[in-house]
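Structure first, then comments.
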Amino acid sequence: MAEPRAVLKQGNRNRDKDSVGLGNRLRFVSISSALNPMTFSSILRHLQTLPLSKDLREKLQKRGHVQLSGLPRLPKGLIVSSLAQSLEKNLLVITATLEEAGRWTAQLELMGWQTVNFYPTSEASPYDPGRLESEMVWGQMQVLAELIQGHQVKGKAIVATEKALQPHLPPVATLREYCLALRRGQEMDSKSLELTLARLGYERGSTVETEGQWSRRGDIVDIFPVSAELPVRLEWFGDELEKIREFDPASQRSLDDLTGLVLTPTSFDQVIEPALNAQAIDLSAWGEDAETEQLFGKEGLQRFLGLAFTEPACLLDYLPTETVCVLDEPEQCAAHSERWFEAVAQDWSALQLPNLPQLHRNFSALGDRLKTDFQYITLSEIHEANGDSLDISARPIPTMPHQFAKLAEILRGKREIYSGLTLGQYSTWLISAQPSRTVSLLQEHDCAVQFIANPRDYPAIEKSQIQRTAVTLKYSGLAELEGFILPTFRLVLVTDRELFGQHALATPEYVRKRRRATSKQVDINKLSPGDYVVHKSHGIGKFLKLDALANREYLMIQYADGILRVPADSLDSLSRFRHTGTRPPELHKMGGKVWEATKNKVRKAVKKLAVDLLNLYAKRAKQVGYAYPPDSPWQQELEDSFPYQPTPDQLKAVQDVKRDLEGDRPMDRLVCGDVGFGKTEVAVRAIFKAVTSGNKQVALLAPTTVLTQQHYHTLKERFAPYPITIGLLNRFRTASEKKEILAKLKSGELDIVVGTQQVLGTSVKFKDLGLLVIDEEQRFGVNQKEKIKTLKTEVDVLTLTATPIPRTLYMSLSGIREMSLITTPPPSRRPIKTHLSPYNPEVIRTAIRNELDRGGQVFYVVPRIEGIEELGGQLRQMVPSARIAIGHGQMEESELESTMLAFNDGEADILVCTTIIEAGLDIPRVNTIIVEDAQKFGLAQLYQLRGRVGRSGIQAHAWLLYPNQKQLTEKARLRLRALQEFSQLGSGYQLATRDMEIRGVGNLLGAEQSGQMEAIGYEFYMEMLQDAIKEIQGQEIPKVEDTQIDLPLTAFIPSDYIPDLEEKMAAYRRITSIESTDELPKIALDWGDRYGMLPSPVEELFKVVKLKHLAKSLGFSRIKVEGKQNLVLETPMEEPAWKLLAENLPNHLQSRFVYSAKKVVVRGLGVLAPAKQMDNLIDWFGKMQGALPETKMETLVGK
């Protein structure tokens, strides 16, 4: 599910184009949520006016220290924010754990700070030889980048764990030397920039897609700073930096102009290594492993920080002095720190390097720094009655879901909330995701309460306060809020937890803000020498190389009987041969009979499929179903209470579903998206509409018990504020429970039932079933599928699947099979930290222990069942405290399901299994996966396995273990090195999902069609299916596979314009695979933006492509010169079709075109120069387009 990007500072909303200050130009670390950062601003204003707040301010300024106790988390944030903001100071909050820091950050974002930054730290030992995870380092750089420039930072809040107080950074002055400030208009040799970028650790490539990369094309340099949200494009005029612009990493298009930016190093190693070299320190004497260094480069130089610098720094060294520091729960911070200190001290001793400077300090020494250098506040939830501490004595509000009469009496002061405590004279605030409903429910019981939509409408809020009217504010964020009473401040706050019993739907976790090229559509047809390709006329061949001949470039394709040269501008007649088999395909002979026979056989099968699909669509169009009314206010309220920002894909899927429900024929829609991409929320909204707007019953069907449990809990939580009843039907229900559920379904007392295939049993009778939601239909058996098929004619059906469905298939079937695709990944998905290691029991023990220490669970995956029980025994010896479960495909289904459910419920810590890990299962606590013998798995398999972790926003780890390096082949070694570089949601991930898409086609279209697809390759099959559907729908212009242009033209991409071969191939692919000629100006703009002004051969290439596109759409297969005077258009079209086209030409031109069988002669055009011939044909073909059916016109020429 995609979380929103909260706009947390003015600089993000109205960005100041003239300021170089990093605060305005670079975005910093944030946990995003669908919230108004000013939600609590009116409560903060109110707190600041109270006498007790004034006393606390004076005490803090006079003594430099305030100690508060008796405070839960939310009032802690409110009180310290009001104090720091009234003193016009920044805020640093130190917590004991990462989880607590995440919660603090989510709450501070509601409290009016200009920026709220989470400063990420590692729980690992500073002496760990592994490299620090990039995401964490970049997150630190984002926070440090602003602080290091010495600008007057105002309105800034930073949250970190006590690890941020440990020495883990280079000195401030040293790091500042490694930061490069760039300004528009400054003189700088672009060559010296290259040297600086290398010094800062930036890697040069052909395209910039992710942090730490840079590329150069002439006078244009692209860089993705690790401390920024977007990459930047620098343009030079001579030695002057003329332009600085952000650009979108997905489209590579330029965006906003900037006046300046600051580049930080990509990691701290870039700062540490030169310091070590300057002192001529030989790292081999300090435990650096030569073999590891040879394979992966120098790793983890942070453990030598003390050798490089006599005084390593911590976060406090970088803070402005105008900062109030808050130590939250000092006892817990101390305990957590001391446990870490003891473990790390043992690691340091085990190194047996007594002269290696220590990078661990005990907590009391760290606390002294806080007390001497800053004003600081300590906070404790436990009531303390000592002289130094002020006990705020906060009280919780008892949870009383749906007891509005009782709550109204309490808020009016007519009933005691605790013995001797009434709230009649208290300032009362209600924070709710359903504010209008909350207000109306309380007003029914004579409670004075008002909803104020704008939390900064201070006059209206103050007026309500004077009139003793409770103020209700809207909130739908991620922070878990609990109501409280502050007797010392005479303030009470009530949340949805007390009103409806509704808990937060998710725990906020740290996510570094950035926009990466995750949405970038990877060019699946990107060809490399050695790839197998399919040519539409000749079949399967092997791509050898790109070759220049005369004025054009050609792809050399190896066939069984020789080499075929394909012009680069005809690249659309080729596609990569993609199939699911592992054996290389046999090469065809050029123009051979075998390929023609295969094509004809597949074409017949595809036509039959198209006819079947269209018949099914026609049948469904005649059925009549229940038409639901438009959305109710409750529907709007439920959707507003969703704590994440829905992605555009999600919103479109919801609109599609609602349109189906409000239509008068039964819905049968498929929603497709990976686990965690938000399919369930689409279903939640549909279910709610069916129950509340249509008074219908709903059944949600899932293939496994574990999934039913997850869906049941989601619905219970989302629908808590509403009078909706939900039942769960699976094999863990007792006979009496099942009997009660069945009776309530029959009588209509139960609105929703969630269950496995039992829901389809003959004993299940509904009073009025309106909607059936099916999760992963392809995983049900034949009998269940038949029952579902009969239900589909009677009720609305919504099917969810996590198997990717390719967009090409989606486009072909749109209008025939209702499908919605959710392809946008959630920004909260943190890239998984991948570790490569030779098999080592100590590495495994540490990885498991680290995960269990933070309350998580572990998948341990092996490639085979043999020896799995023994492995379980070995793990028990390594980690005696761990509870271990074992799961594999040869277990009884019920036993395997019980094991998975127990693991899901946290009854086991480690699941030792084969690759059967549940594809649709979402277990947020599993954040470490260990894969033994990683070299035995394919890349796509490893991606799928790795994708089982990292779902909750917590940093996940994947350990890929391989045998001793001497046993590895060179190929396996290279693959493992490449694996370490892959990012979970980057291009490699998309390539792996494309392999799964082929399975998705099989699931959707059946086994026979899968076989046809294997024969001719996936891409060509999809094209045939689209053509068959169009043909049956009545398009008369003949289809030609390619248009050959035999005119003496100079049309190609010169090597000095796009030097990189891979980029050049991608450029040819992009320009030749356009859907509409409208795309060409945009491509020309993009190329001009990225590579500079278009040279003449490239302009000619654009015209050739436009001509080909128009000619192909009109059914012309070849354009050639005939004699000295004429041009010939070869075509399979019949004369009536030609007459239809010719009618669209002006009268004076019609006589120049002469039709005869299989060709049209254009008289007199041959005497003109080739470029002029092309211009005339483009103009005339454009006129002929008017004869095409309107739908096809829109597809080809653009709407």
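Just so it is clear, glycine is given a Cβ too, placed from its N, Cα and C backbone atoms.
As annotated in Swiss-Prot, motif 'DEEQ box' covers the listed stretch 775-778 rather than the other ranges in 11-14, 775-778, 1075-1078. Residues 700-703, 707, 711, 785, 788, 799-803, 920, 1003 of the same chain sit 6 or more residues outside the motif 'DEEQ box' (775-778) yet have a Cβ under 8 Å from a Cβ within it. Secondary structure of the motif 'DEEQ box' (775-778) per DSSP, as helix, strand and coil residue counts: 2 helix, 1 strand, 1 coil.
Using a 10 Å Cβ-Cβ cutoff, D674 (ATP binding site) registers 23 neighbours. If you take every residue in the motif 'DEEQ box' (775-778) and average the pLDDT, you get 79. Among the binding-site residues G673, G676, G678, the residue whose Cβ has the fewest other Cβ atoms within 10 Å is G676.
Under DSSP, F677 (ATP binding site) is assigned to coil, being neither helix nor strand in the three-state scheme.
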